[in-house]
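For reference, the structure discussed in these notes is given below.
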Protein chains: 2
Amino acid sequence: MSSFTPAQSDNVSISTIRALAADVVTKANSGHPGAPMGMAPVAHVLYSRLMNVNPKNPKWFNRDRFVLSNGCALQYVLLHLLGYKLSMDDLKAFRQLDSLTPGHPEAGHTDGKLEHNSFIAFVTTGPLGQGFGNGVGLAVAQAHLAAVFNKPGFDLIDNFTYVFTGDGCLMEGVTSEAASLAGHLQLGNLIVVYDDNHISIDGDTAVAFTENVEQRFLSYGWQVLHVDNGDSDLPAIYNAIAKAKLEKSKPTLIRLRTTIGFGSKQQGTHGVHGSPLKADDIQALKTKFGLPADRSFYVPPATYEAYAEIGKRGASLEAQWEALLDKYSQKYPKEHAELTRRISGELPTNWEQSLPIYKSTDAAQASRKLSEIALTSLAPVLPELLGGSADLTSSNLTKVKGSVDFQPPSTGLGNYAGTYIRYGVREHGMGAIANGIHAYGGIIPYVATFLNFVSYAAGAVRLSALSGHQVIWVATHDSIGLGEDGPTHQPIETAIHFRSMPNLAFWRPADGNETSAAYLVALKSKRTPSILSLSRQNLPNLEASTIEKAAKGGYVVHEVDNEALTIVSAGSEVSIAVEAAAKLDAEGIKTRVVSLPCWFVFDKQPQEYRLSVLRSGAPILSLEALSTAGWSKYSHEQYGLPAWGASGPYQKVYEKFGITGSNIAVVGKQVVDFYKQKGGPVVSPLVKAFAL
Amino acid sequence: MSSFTPAQSDNVSISTIRALAADVVTKANSGHPGAPMGMAPVAHVLYSRLMNVNPKNPKWFNRDRFVLSNGCALQYVLLHLLGYKLSMDDLKAFRQLDSLTPGHPEAGHTDGKLEHNSFIAFVTTGPLGQGFGNGVGLAVAQAHLAAVFNKPGFDLIDNFTYVFTGDGCLMEGVTSEAASLAGHLQLGNLIVVYDDNHISIDGDTAVAFTENVEQRFLSYGWQVLHVDNGDSDLPAIYNAIAKAKLEKSKPTLIRLRTTIGFGSKQQGTHGVHGSPLKADDIQALKTKFGLPADRSFYVPPATYEAYAEIGKRGASLEAQWEALLDKYSQKYPKEHAELTRRISGELPTNWEQSLPIYKSTDAAQASRKLSEIALTSLAPVLPELLGGSADLTSSNLTKVKGSVDFQPPSTGLGNYAGTYIRYGVREHGMGAIANGIHAYGGIIPYVATFLNFVSYAAGAVRLSALSGHQVIWVATHDSIGLGEDGPTHQPIETAIHFRSMPNLAFWRPADGNETSAAYLVALKSKRTPSILSLSRQNLPNLEASTIEKAAKGGYVVHEVDNEALTIVSAGSEVSIAVEAAAKLDAEGIKTRVVSLPCWFVFDKQPQEYRLSVLRSGAPILSLEALSTAGWSKYSHEQYGLPAWGASGPYQKVYEKFGITGSNIAVVGKQVVDFYKQKGGPVVSPLVKAFAL
């Protein structure tokens, strides 16, 4: 094991990080100075001695990954010192509108900042616990790609993932879930530094967090190390990280005792957690540190120089790696082509041709089953698919026959090249891990549970959407159609929750072609997560459905001229709408039917197309076996569930709530009569005074 | 410590429970036979020897509480044997429509089953991990009420809480959060039996759950016991529970090794987890157990007799307790009156008079601050309020000055009579614990975090609503108005998510009187949880607001005749709407403003009232600094956020998105022009063809 060689500039660099963090937060008059000030030593030791990154190429594939789970200004300060494209002016714009330095590190979101910001954070942190889960995902991805692509003498994929975390993250359930799975998966490439500063917002952790964290992580199967003086014992910090790197079959937690807000008059109290330091406190601190007390945002030349050396080392490491990759291309041309394709994120040519296509005469099937058929067809052509379920594999139908489990080889249950992850009953952890897997690159993760329990993972789904992580949720048993399990398992509010989330494609396909369309669009959307809301019960294939039409998010399923009524529906209720329309047509009430499998995608179509689908002239009635909330955007009248579902065989539950062809025909007639009586022209709800 | 005295009927009773569970699931052709068959011995030992309940009075206040966290048919079988009002026909109707025996135990929900079902389950289980959290809440409630009401010689409140849990629950993060807090709180009255059967839906727990559960619970500060043969070693089961009862300052986890589906040909495999047993398997099992192989739903007389004895013991215990309560009434008449009032759930007379009332000339304040003022006024008159925050006390403003922490006295930080719980950063656990606290009775829990992070607790909030638990969420920082923390912390989809959840009152008050109204209705709604969505930033008091008007969920804030436009808004945007209306009025465009602080309550008002508020005649424009989803139910046009928020000082963020009086006036004018051009009468969106 190597050892720590002190450099003259170490202390001044650490003091500089501390002072910069204080300056940044004070200038913004908002933020969290305490944690970056406390973690400056470990950040400095890690980056100056152990971390392999090249600031000139933030996307170098084999770089070490760094996640600041307790997301704060530390990330920005480090990026600036290291020479990433983040200027001192950017630091001064911390928490200001449209700056590169928002309140918490964002992997990128609106306003085209998506790519622009991607060097700042490849995962979004701030919401506690998410970064920890992302770190586990990054480590999973490394282990998987190493197993798939590395060859003897060609350790092309061998980076480490470092996560900094605090008390807050460790209290969160999502962290517990991810940590337990990381232990099971024996992820030796994952090193977590726990900032044990005894302080959270409510004060001393003694008020609520008195568990034995070391023992807890031992119970998960982690290696646990500790550094008693994280404020100044740099060799101990170095040795702990170096030791962690040597442990190949366990993730490591390093418990680092630090003093929050080190150097401040209020150090060690929650007074420095989430409020700026006062001016006199900062001055005194700088004097104590030997920095000019009157200069803000000051970086001594020795620090810039030391950090430039880190960059040089990283550039040289990348150059060596590129040379190795070049040799690999000669010895393993096929693998090389595949690896570089996957790194680029390009899908293989003609992969879409593997999508199943259905005729209306094909047998009715549950859309969860149609999803299984799609995955089975796609898996051979899309090896970047890395699937999994939260202990509902046989219900979600997400494991492709013959696929190998992603497991530590020592378990005898699979290996790291395996493409199916047993997540256990850990929905929230699964979501956060999947975000990390996608953030690594080269992999498209899909994950699964009942739609109702995607809500357990809402925090992670939100960050998929905000960060643009292409995670595909296979969310089965998506309505009262699940039947007997009853209201505790039947989604009501779930669809509108996720339909209202920006940059999330919530698909509720009605049949085979629509399911294929959902996969088509989800797989092509590199920066948008998707939820595929799928039925437990069988659904007939529609006459008019095609992948192409469904891929527009909405289309006409049953067309007539001069209609008296349009019924718009989604998922398992579309065929019920078709049945109702047939009954109405038979009674001389001409009825169109529209399927709207994905609002997000439909809303992106040209206004002209949308108005041709949901056209003016006749009232539009929406039908879905869920809350009607949100449907008034697309319809004049809404039929759905008034409250909770019910436990019972699903056909009986549908009957109970009047979601049958014959009752919807009755309701449809009511709507037609109502609008006849009302008189005047009926205008499409899509005709609006303005667009947001 | 007492010891186990075997009875002749023990084995036949256990076999009967196993066979009944198998019959129940097979008859329904749906359900989970394995766990009840495996846990029959512990259920029998617990109920026959140790559990204090009176089936003739399911609501006896000091009964032991039982939570089947891995919710399944076992609960129903036990209730029937014990003589609760659950007939053999009810068992035969398992998982059938409108039966008393739905797929998972429901505390009750729609169709007036609320009270009817309350004996079957006072907490709803099935969604994994929730029951565990509820159990912690039940134990918190017992400890609190004991500290408040017990007197020397009067241990009126001294019951235990027993939780049965499985691997699935223990994998969930919500369980980790609740378990860590239970250890911190030293809840000696909580006994959890962990059905360690090595099986979950994906098969052997070796595939995903290999952590050391005993060590993990030791790390939380629990006592951990184990029973190696939970299939037949009844004395060991008894001794473990008896020992658990003796430990007064730690919760206990008993790891019970069982064989899932004990007796089935498929015992010990996931084949018995979630699928009915085959007919021949059940017959063979009954033969093996010495039960008549050809009889379904058979209970031997010896078992009915043994269980009748349990009931008698319970009735006698309750009678003793009533006698003690009677003596207490003589010695402590004031405390007795208060205890019985709180048990009844009646609020004290005239408590509403403590609600703060505001004039429009009162200073602008943040609604989180207005909430603090309300809580400060209410706490002295409503001692049943037991508050807390997920480590955001100083931001949520939820701790009433001078209140004592709910803490184990040994910590020196408070005592169990304290009314403020430090939940730590454990939102989901907090929600599940609060459900348990309310289920106990005598307490109204309120909990707090940022609105955005209520989403972490969505699973628990859903069960509050489904079960009718009166939990009040103080959800602050409820929009882009939180400013600098940015999009990771700014809710977009959160309001519509919870507004679409049945039986949940989501309040977004606009000022002081509306905040008081939200508390008024939330506190009076005994079977409905509420989320109070509150601002970080200051809000002026409206001229027209009164508690009475706001308590209707919606009302006119600014009235004019023959308006050209109505703006409907909620929360922090109402005053911006008023500003816009003033500008429009000045330009001769007569504009009304409606405040809609609570859709759930507004929707319950008579149609006539609702139509007077959102009337026909002019277009209605909605305004909210959130997703516009759902607002088309109340308006013709919708203004809000098109996607994510942004990090920056909040005024700048509002400007960026055009949510200012002057821009909304411009938008309002566009709407008026658009409808003028469109021509024809403008009908209120509340005028519908049918009501669900």
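Yeah, the Cβs are placed from backbone N, Cα and C, and that goes for glycine too.
Site annotation for thiamine diphosphate in TrEMBL covers A:Gly126, A:Pro127, A:Leu128, A:Gly168, A:Asn197, A:Phe453, and the matching candidate from A:His80, A:His273, A:His497 is A:His273. Record check: TrEMBL places A:Asn197, A:Ile199 at the Mg(2+) site, and the matching candidate among A:Asp167, A:Asp233 is A:Asp167. Per TrEMBL, substrate is bound by A:His32, A:His273, A:Arg368, A:Ser395, A:His477, A:Asp485, A:His489; the candidate from A:Arg95, A:Arg216, A:Arg536 named for the same site is A:Arg536. With A:Ile199 (Mg(2+) binding site) as the anchor, the candidate binding-site residues are A:Gly126, A:His273, A:Arg368, and the one with the nearest CA is A:His273. In sequence order there is nothing to list, since none of the binding-site residues A:His32, A:Ile199, A:Arg368 has a CB under 8 Å from a CB of chain B.
The local packing around A:Phe453 (thiamine diphosphate binding site), expressed as other Cβ atoms within 10 Å of its Cβ over all shown chains, amounts to 24.
For the recorded site, A:Ile199 (Mg(2+) binding site), the DSSP three-state label reads strand.
A:Glu427 (active site, proton donor) sits 19 Å from A:Arg536 (substrate binding site), taking the Cα positions as reference. A C-beta separation below 8 Å, combined with a sequence spacing of at least six in one chain, links A:His477 (substrate binding site) to A:Arg368, A:Ser395, A:Phe450, A:Leu451, A:Asn452, A:Asp485, A:His489, A:Leu534, A:Ser535, A:Arg536. The CA atom of A:Asn197 (thiamine diphosphate binding site) is located 14 Å away from the CA atom of A:His32 (substrate binding site).
Whole-number maximum of the Cα to Cα distances across the substrate-binding residues A:His32, A:His273, A:Arg368, A:Ser395, A:His477, A:Asp485, A:His489, A:Arg536: 48 angstrom. Of all the binding-site residues in the list A:Pro127, A:Asp167, A:Phe453, the shortest Cα-Cα distance to A:His273 (substrate binding site) is found for A:Asp167. In this structure the alpha carbons, written CA, of A:Leu128 (thiamine diphosphate binding site) and A:Asp167 (Mg(2+) binding site) are 10 Å apart. In this structure, the CA atom of A:Gly126 (thiamine diphosphate binding site) is 11 Å away from the CA atom of A:His32 (substrate binding site). Between the C-alpha atoms of A:His32 (substrate binding site) and A:Phe453 (thiamine diphosphate binding site), the distance comes to 33 Å. DSSP gives A:Asp167 (Mg(2+) binding site) a helix state.
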